[in-house]
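Pulled from Swiss-Prot, these are the features on record:
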- 1-24: signal peptide (SIGNAL)
- 36-347: domain 'GH26' (DOMAIN)
- H129, W196, Y266: substrate binding site (BINDING)
- E191: active site, proton donor (ACT_SITE)
- E290: active site, nucleophile (ACT_SITE)
Amino acid sequence: MLKKLAVCLSIVLLLLGAASPISAHTVYPVNPNAQQTTKDIMNWLAHLPNRSENRVMSGAFGGYSDVTFSMTEENRLKNATGQSPAIYGCDYGRGWLETADITDTIDYCCNSSLISYWKSGGLPQVSLHLANPAFPSGNYKTAISNSQYKNILDPSTVEGKRLEALLSKIADGLTQLKNQGVTVLFRPLHEMNGEWFWWGLTGYNQKDNERISLYKELYKKIYRYMTETRGLDNLLWVYSPDANRDFKTDFYPGSSYVDITGLDAYFTDPYAISGYDEMLSLKKPFAFAETGPSGNIGSFDYAAFINAIRQKYPQTTYFLTWDEQLSPAANQGAQSLYQNSWTLNKGEIWNGGSLTPIAE
């Protein structure tokens, strides 16, 4: 094993209390009332690209809560690479389920695993394949009209009340993590520039300015509810359009609502991913918030992906690969990805007591 937690902790002991700031510029979360640990992680993450090595956090998707979520993906990666991902993802929203109560599509039983992961040196990402409030449940891929979208945003309608019920249960799950001091990369309403989720576009690369405005209103509504109504001060907000569609920045709700901009990127050639410069133009830390191969599945070489990050996307702060057949463990180059000198793994960012120092 090329990297050992003991080495990292030795550096912590040497530099704690004496580490100078990486620059005079401190990067704060968009929530001014964020808890101190969340502030520390945000500033630390934002300055990762200034390092010469240990600068890109690895990440993996663990599955949908109470359906496919488990620690299997971590175990597969550890067996393949000797390392565990720095970031582990869970999705609270099982938006395809047809249930008697739309809130039954939300589940956060993965929290116990996420809390344990945090305490052992990891960082969780929570995403949402959100059920469609235009219907009693399910239908997360059912297109809706702009009129239906407006009804969802209106708290006096049946649709609006369904949305509020969904948000309340999601917030309950995030509150459990807050109460344990867990900072969360929170990624709602992803891939909005695609035509496959109800909150996004309805046609392939067909721009709809009204739709874009409605999306922004929905995103801000979720932000205000989580931050102001529920007091969730442990969230870092991730905005991640699809790399293979246009209008990546058009849906951007504004710099006051987003901490990290990323891409959901599935590709055959990691050197030809679209949207990197567009995301950088938003002046936020950048990540591949969801990623994996779209071709050569089972034989894709993840060594090429980390090399592409180094050569073409050097401002990347983290990547999160999908699971099952798209996982590095099911393809080639997993060890090259996790053992690369640029890659940060579990235990190398957070030890349950203090962040590793930022050393130039």
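For all residues, glycine too, the Cβ spot is worked out from N, Cα and C.
Since we're looking at a predicted model, the values are computed, not measured.
Shown on the structure are the features that Swiss-Prot records.
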| residue | record | DSSP (3 states) |
| --- | --- | --- |
| H129 | substrate binding site | strand |
| E191 | active site, proton donor | coil |
| W196 | substrate binding site | coil |
| Y266 | substrate binding site | strand |
| E290 | active site, nucleophile | strand |
Neighbour count first, Cβ atoms within 10 Å, every protein chain included; then name which of E191, E290 tops the list of active-site residues.
E290
I need the CA-to-CA distance for the residue listed as 'active site, proton donor' versus the residue listed as 'active site, nucleophile', whole Å please.
10
Restricting to the chain of Y266 (substrate binding site) and a gap of 6 or more, list residues whose Cβ falls under 8 Å of its Cβ, or answer none.
A243, N244, T291, G292, P293, S294
Within the domain 'GH26' (36-347), what mean pLDDT does the predicted structure show?
97
Of the binding-site residues listed (H129, W196), the greatest number of other CB atoms within 10 A surrounds the CB of H129
Taking the Cα atoms as reference points, how far is H129 (substrate binding site) from the residue listed as 'active site, nucleophile' in Å?
13
Between the Cα atoms of W196 (substrate binding site) and E290 (active site, nucleophile), find the distance and write it as a whole number of Å.
16
Taking the mean position of the Cβ atoms of H129, W196, Y266 as the substrate site, which residues outside that list, in the same chain, have a Cβ no more than 8 Å away, listed in sequence order?
H190, E191, G194, F197, D242, D264
Looking at substrate and its recorded binding residues H129, W196, Y266, figure out the farthest C-alpha pair and report it in angstrom, whole number.
18
